[in-house]
Amino acid sequence: MGRRSALALAVVSALLCQVWSSGVFELKLQEFVNKKGLLGNRNCCRGGSGPPCACRTFFRVCLKHYQASVSPEPPCTYGSAVTAVLGVDSFSLPDGAGIDPAFSNPIRFPFGFTWPGTFSLIIEALHTDSPDDLATENPERLISRLTTQRHLTVGEEWSQDLHSSGRTDLRYSYRFVCDEHYYGEGCSVFCRPRDDAFGHFTCGERGEKMCDPGWKGQYCTDPICLPGCDDQHGYCDKPGECKCRVGWQGRYCDECIRYPGCLHGTCQQPWQCNCQEGWGGLFCNQDLNYCTHHKPCRNGATCTNTGQGSYTCSCRPGYTGANCELEVDECAPSPCRNGGSCTDLEDSYSCTCPPGFYGKVCELSAMTCADGPCFNGGRCSDNPDGGYTCHCPAGFSGFNCEKKIDLCSSSPCSNGAKCVDLGNSYLCRCQTGFSGRYCEDNVDDCASSPCANGGTCRDSVNDFSCTCPPGYTGRNCSAPVSRCEHAPCHNGATCHQRGQRYMCECAQGYGGANCQFLLPEPPPDLIVAAQGGSFPWVAVCAGVVLVLLLLLGCAAVVVCVRLKLQKHQPPPDPCGGETETMNNLANCQREKDVSVSIIGATQIKNTNKKADFHGDHGADKSSFKARYPTVDYNLIRDLKGDEATVRDAHSKRDTKCQSQGSVGEEKSTSTLRGGEVPDRKRPESVYSTSKDTKYQSVYVLSAEKDECVIATEV
């Protein structure tokens, strides 16, 4: 049980240590000695066709993990091998494959994991009667057994060992070497030299990668750029290169690219344009220091920048001009007086005075007032420092008052006036249209009201203009406008002026105010008649007849209208102008012989004590409609008459005030007698008041037109 636990632990340890590695444990069998030809049980090896006690020997090798007590039993965790028959009794084994093609010396046990450094080795020498029978399970075949534990480091050197059991000797050697491209103590370091896109390196003794010249990095995939190439702004695909990233330039990619179009600027980062001193603008193309860049001022002048591309030169004495390029002629203003000659110097002048004068500008005279130097009445006074001074009268100037002053030299006269020098004064002779001492006033040409017929005058220089009212023209608006001026007549008509109007004389075949209409051709007989005389008698007669017919028609219409109005005029009021009414019946109406059942007097409210009973006459309003229709006040009449009475009522209905009772009887009859309703029915409108009032009344308002109705509340 303990052996199995140890075996399982060894297997797990081997798996845990397994990594991507590769190595080989090599065992070289060198010599085996079995002098007596005995088996392990001391029996003689028999069988086969050979001599007696001749042991045909083959080997079983078992390599396993380190065990303190080595067990020859499987499993062989690191590998196992069974050789062919290698010899009889005692024999030596050469290197390579010389004895049997199936056997190679040394015996190799490949590893796919890290070499642990320790191992257990079991080598058994076995006897077989037949080369084809290499079974190892039969203990009767065992000649000898070697079991050992060892520590072994990786290396090319062989470890020699000899095992003696008393009757047999076994000399052997072993080592552990790494496969190609594997390095390290456990052959766990893989390194394969390469020179492609995945690396450029060789391998050292311990498997470290050694980069080829010009390459760097963990796998030697990064080329070493040109020495000095900027690490951030440059890169390379091959050793010794220096390729610039976007925005950078130069051999070492350490120069930023300026903004396109930048002239006088620099950059710290790509696409910048930081202007140098004296330059400005988006592209640094605007000169802000013109003086420094162009030095425009000459002759030692001082230059001052005043803005973009502008400057000012402060000239030294004796020079002038925009750039101080012109030398000033100090003699130009003739500083020397009294006939002295001027000599121009670099920044000054010198006066050479005539005889009798001295001073810087020859302003001093050697003469005195005793010599009478002043002319034209000038007053002389001696100067304390020598010389004299002439005080000139009006109109004269000069050192000796020898120059006459021209009073007109200052052009005092305005508006083209001529100046006349009068000695001590001057006179301005004005142009036509101007006045005043200096001819500064424009004469008002509208003062005399030259514009006629209400025209508006506008003054100008020595002239005027008139704005004429409608109907007049001309310079003074005195000429009436010709109505024929704009040719108002058409079709070859002749225009004739008639005061403020015009008349068109039309050509034959045209008519209208402006002869703009084409007239139809007249009958031939009218043409012949018209040709007999120059005056158009036919047209005049036809016009007169039409006018007469129109007047007769108007008169007939007026007569018809008056007759119609007289026919519908109402008769005179039989009751007089002022009556007292009760229940819409006047006094004269109540006296009629009409039997009417009237509501009790206690229930009657007289609201119409006096009223003017009148109607609107048809003569005043021909299309008059009654304001109130005939009203039935719930009066129940006892008609004692017969149908003749009804017909009589019908005949008297047109009478205004006298027919009110009859109309009421007719309506009552039509109400009581359903079968004797007249042919023309009259619609009625009934209005009833509230029963809560003191006076209960019912109004039956007929739609029939009645012009004599007075409202009465019952």
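Cβ atoms here come from the backbone N, Cα and C positions, even for glycine.
Values in this document were obtained by computation on a predicted structure and should not be read as measured data.
These features come from Swiss-Prot:
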type	residues	note
DOMAIN	225-253	domain 'EGF-like 1'
DOMAIN	331-362	domain 'EGF-like 4'
DOMAIN	369-401	domain 'EGF-like 5'
DOMAIN	408-439	domain 'EGF-like 6'
DOMAIN	484-515	domain 'EGF-like 8'
TOPO_DOM	561-714	topological domain 'Cytoplasmic'
REGION	644-690	region 'Disordered'
REGION	711-714	region 'Interaction with MAGI1'
Segment-level pLDDT (mean, integer) for the domain 'EGF-like 4' (331-362): 83
DSSP residue counts for the domain 'EGF-like 6' (408-439), split into helix, strand and coil: 0 helix, 10 strand, 22 coil
Non-local residues, at least 6 beyond the ends, that sit with Cβ under 8 Å of the domain 'EGF-like 5' (369-401): 337-338, 363, 407, 423-424
DSSP-derived helix, strand and coil totals, residue by residue, for the domain 'EGF-like 4' (331-362): 0 helix, 10 strand, 22 coil
